[in-house]
Structure formats: C-alpha cells, structure tokens
Amino acid sequence: MPLERTLSIIKPDAVGKHLTGRILARFERAGLQPVAIKMVRLTSEQAEAFYAEHKGREFYQPLIDFMTSGPMVVQVLQAENAINLYREMIGKTDPTQAAAGTIRADFAESTRCNAVHGSDSPASAAKEIAFFFSDDEICPPAAD
C-alpha cells in the first residue's frame, strides 16, 4: 500500500492543557510519521478561509472563535493508510461517542473543544495540507 499524508491539528484546547507532547507521542507510536510541523495562531480571516465550507451553519462563528482563541499545532503525518489510521486514533467528533482509548475520548471536552482535527479524505488532506504548508516545508520521512 502506498504512503499517504494527512493533516493533523492539535486544537487550542489541547495545546492550552499542555497535551501536545502526549498526543504527538501517540501518533508516532502508531506509525504516523511527522514530515512537517509548526505552531500557529490563526487570524479570523485564516480560520474563515479554512472552514469556508461551513459558512452559514449555526456552529460556524463559534468554531471560528474557538480556532482563533489560542495557538495550535499543525502537522503533516505520513504512513500507509494515514487518513483512516489517524481518524481511528482520534475517535468520533463527539467525545461522549468516541471509543475508549481514542484521543477525543481521553482528552476532549465537547464537540467543539475536541482536541484534534484530521482530514477526512485524500482530497481534503491535499487541500488542508496546502493551506498550512508549502511544498518546501514538507520533509522526506526519516529513515527507519
């Protein structure tokens, strides 16, 4: 199976609770290798552009407010079947419905403050990765 990339965001709630290292370690233990990583704080304009597909929905403005409330860690993770592996690890959006042992079950507070974001398809991964990273910011994976 070919290598695949996904975008991972450790959201402001998890960064603010000093969970970044614990979450990153889980990804690495699962074989999701970081090939790009940085800490950012989105402006309202950036958050609106990233979440443009949700504009007009009732949760849109609270989502923008939350995603601009503090720093977050964005990264590109690479592995075979990276998107599905990542999504299995993070669990359902609603932490009360997330399986035990998933990141959201362990660290999330609510559907909005749910610790992490992950791409849901190869098309969204490509779009989301390009939003945060230029091609020259993405490194080849480290040798095993």
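These residue numbers are counts, starting from 1, taken along the chain as shown.
Note: Cβ is positioned from N, Cα and C throughout, glycine not excepted.
Since this is a predicted model, take the numbers as computed values, not measurements.
Of all the Cβ atoms in the protein chains shown, 23 others lie within 10 Å of the Cβ of N114 (ATP binding site). Annotation comment: Swiss-Prot describes K11, F59, R87, T93, R104, N114 as ATP binding site, evidence class sequence analysis.
What Swiss-Prot lists as active site, pros-phosphohistidine intermediate is H117, and the listing cites sequence analysis. Mapped onto three states, the DSSP output places H117 (active site, pros-phosphohistidine intermediate) in strand.
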Sequence-distant neighbours of K11 (ATP binding site) in its chain (C-beta under 8 A, six or more apart): F66, M67, M72, C113, N114, A115, V116, H117
